[in-house]
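Asker: Sharing a structure below in structure tokens format, with a few things to ask.
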């Protein structure tokens, strides 16, 4: 049965009535069940040393109605795991208890985590489970939960730091994206100065408003237990994917198309830099596209887009992530996949500037125009790390033969190892390549600048395109899955 059907059939008993019974226990609630169905009340789960019963019977601690809900459908047991308190759910039902859309199995047990989705048979409804933890001396506990304001939907993607899911605003019905970060530990000792600084940084991120930047809508910190918390970052939802996928589909982009995309990208980047925000992770996966299709051939396009496209809005995503996952973890992850990372980050220099984003933009511009990155192990020796640290790259023939020297000059002004000699965002925006109209014109060498000279690919190396690398990774994943089966 579909999730929407489960939501329609679900019906949790009125919280105010069951509250009388909870008060009789004399226990504080340890967790809550958030009804996914809009307009329905939520249910508190009492903290008891004995089992908490959930089901249709009037003797249950938490009553749930439904034709196929068992009298005693499941039970929750307080348990200790690694010195942490959890609730363990045991399925007692005939028709199934589902955790995150997978059946638990009769007489089987599993630990519950904040954010888990529970379904009680087919007609018992769908609920989000969340612990209520009194974390002393910290400021992470807040009066309102993410689940009070949003209905969590299907997963859209996952990455190093978080999973991304669709969500619906309970009050407006607006569909958003929510980035759910992997849990962070808390030591239980609040530092007021750190809390104030974090809140100031969060307010800055939430205040960012620019047409070429994905908008932050709200932020929640949800305690998992007294030892760890999870951040929920609610974002504007984009519908047409990433620049990465566009490059994969087309192998490479046209010059006029790339220019139009980069004008928007640099506009957003300039806004971030004016607000003292360094992105640090500019790459095709973090550049999102909102594509409006043409309704007819007579409709005049807003730019040099494909024939079926009327308009493309470019949006920068995933800025400010270090605030949510920790500075060290963020930097280590960047350096683990350094194709777009500036040399000063790779060499662990702490006082780097906004110019790291211009290096990454130079790499991205290179990739858009030829389909493969300027730095890679396939182009070695030396290895990719050494190529980046020494600024060793080339415009390989025949891949760059038909591309204007002016954009090669721009890339060469961005891929400069010394940040003080590298273009900033204003210099980049003012470069004459952005004012060129005809990309088919004869190339004019710029002052015989060696940085724009084309070089043949060495016989012992071969550039690997984003498309080829992507396809090889898919094949590798498929082979691994088949070998497991």
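For all residues, glycine too, the Cβ spot is worked out from N, Cα and C.
Keep in mind that TrEMBL annotations are predicted by a computer and have not been checked by a curator.
In case it helps, TrEMBL gives these features for our protein:
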- 179: ATP binding site (BINDING)
- 52-104: domain 'FHA' (DOMAIN)
- 150-434: domain 'Protein kinase' (DOMAIN)
Asker: According to DSSP, which kind of secondary structure is residue 179 (ATP binding site) found in, if we only use helix, strand and coil?
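Answerer: Residue 179 (ATP binding site) sits in a strand per DSSP.
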Asker: What is the Cβ neighbour count of residue 179 (ATP binding site) at a 10 Å cut-off, with all protein chains included?
Answerer: 23
Asker: Kindly report the helix/strand/coil residue split of the domain 'FHA' (52-104) according to DSSP, in that order.
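Answerer: Once the DSSP states are binned, the domain 'FHA' (52-104) shows 0 helix, 29 strand, 24 coil.
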